[in-house]
Amino acid sequence: MNLFLAVILASLIGVYLLHLTARRLNAAALSPDLPPEFADMTDAKKYARSQEYARANMRFQNVSETVSLLLVLGFILLGGFNALDLAVRSLGMGPLATGLAFCGALALFSSITDLPLDIYHTFVLEKRFGFNTTTAATFVADRIKGLVLGAVLGGVLLTAILWFLRVAGQQAWLWCWGFAVAFSLLLTYIGPQWLLPIFNRFTPLESGELRTAIEQYAHGQNFALSGIFVMDGSKRSTKANAFFTGFGRTRRIALFDTLMKRHDTDEIVGVLAHEVGHAKLGHIKKRLLASILQTGLLFYFMSLFLDNHALFDAFGMQHVSHHAGLVFLALLYTPVSLCLSLAANAMSRKHEFQADAFAAQTTGDPHALARALKRLSVDSLSNLTPHPLTVWLGHGHPPVLQRIRRLESMGAADSPD
Ligand SMILES: [Zn+2]
């Protein structure tokens, strides 16, 4: 068997089995006893419901990952890549347009095959647990906007990469890296004003107690803000969230309307203080640097194998091309990308604890953030006892109980008695 094919098949199946095992252990780790920290916020009945939700999600992921694995394996083993390549070549377009058509067709195929599961997740699973508020019209509009945006942004990036590969020779990977980094920085910069409003409405937060409290906190921390906005998150789900967008002078806060409905001012300030902590402690810069280095590694990896004929033999290709090579390399990259995501998640979990501690110190009220985390977990029926393998594999946040325990111990240390 071709070595490249063996590595790709082994890593696709290996990653699949790893996630399956993690979910088995996760299901076994669901404990029927409500953690005492949550006694003031929920009851046994609602806690049992959160476990039902966790099980339903795990079953859904089992089905969805099995379907995708079978589709990918079927496509590879039945010679789908070669058939698609021959079909787009028969259109007689130039090399760039042929490459775009090849990758565009794959992206379209994958979003069409995802659609039934996507519909089930939104309109059956999320609805059964009372989370879904997406209408059919919003769902359809989201998919169309997503496809158009993906085609435009993905098209620009891919055209540039294919072009550099044609003209820049040995240095192509450096040009691709530079372009990809500049492009993603540009998107981060224009995203808040130009891209996010395509999907949601942002209205400035009215003046009042909450606005004053946020401004006072930000001012006290010497933290520049260009705006505080309320986002209509309730358009899709009852789940709540808050986030910062942009950087430097264009930095804005977006609060989900669902967050404001369920949380008091102290809790919301606690959540924002945590986000300010990420910026003040340099987490955002570190994350950005890590992603720039990862992109560089990806393109360097590309430069090592892109012209290797054995890679094309692995997929039974009649023609060697950059566009097909990029897709094969993405598959070959699976084990590297798993290792990188484990490292990124471990770094992120460390940062979460640090941002919690920052919020506790700067607001002087660790209990407010702890209360906010509890309320968010209860309202979104979060799994309070994830198995360590699941956390290690895919969680950018530490288990919420660990965060709450740390926060509450900080509060206990501060109090005079
Ligand atoms: Zn955080």
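Including glycine, each Cβ sits where the backbone N, Cα and C put it.
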Of the candidates Glu206, Glu209, Glu352, the one that TrEMBL places in the Zn(2+) site of His274, His278: Glu352
Beyond the flanks of the transmembrane segment (326-344) by 6 or more, those residues with Cβ under 8 Å of it: 4, 7-8, 11-12, 14-15, 81, 102-103, 106, 161, 290, 294, 297-298, 301-302, 305-306, 311-312, 314-315, 392-394, 396
Sequence-distant neighbours of Asp356 (active site, proton donor) in its chain (C-beta under 8 A, six or more apart): His274, Gly277, Leu369, Arg403, Arg406, Leu407
For the domain 'CAAX prenyl protease 1 N-terminal' (33-201), mean pLDDT (0 to 100): 95
Number of other Cβ atoms within 10 Å of the Cβ of Glu275 (active site) across all protein chains: 19
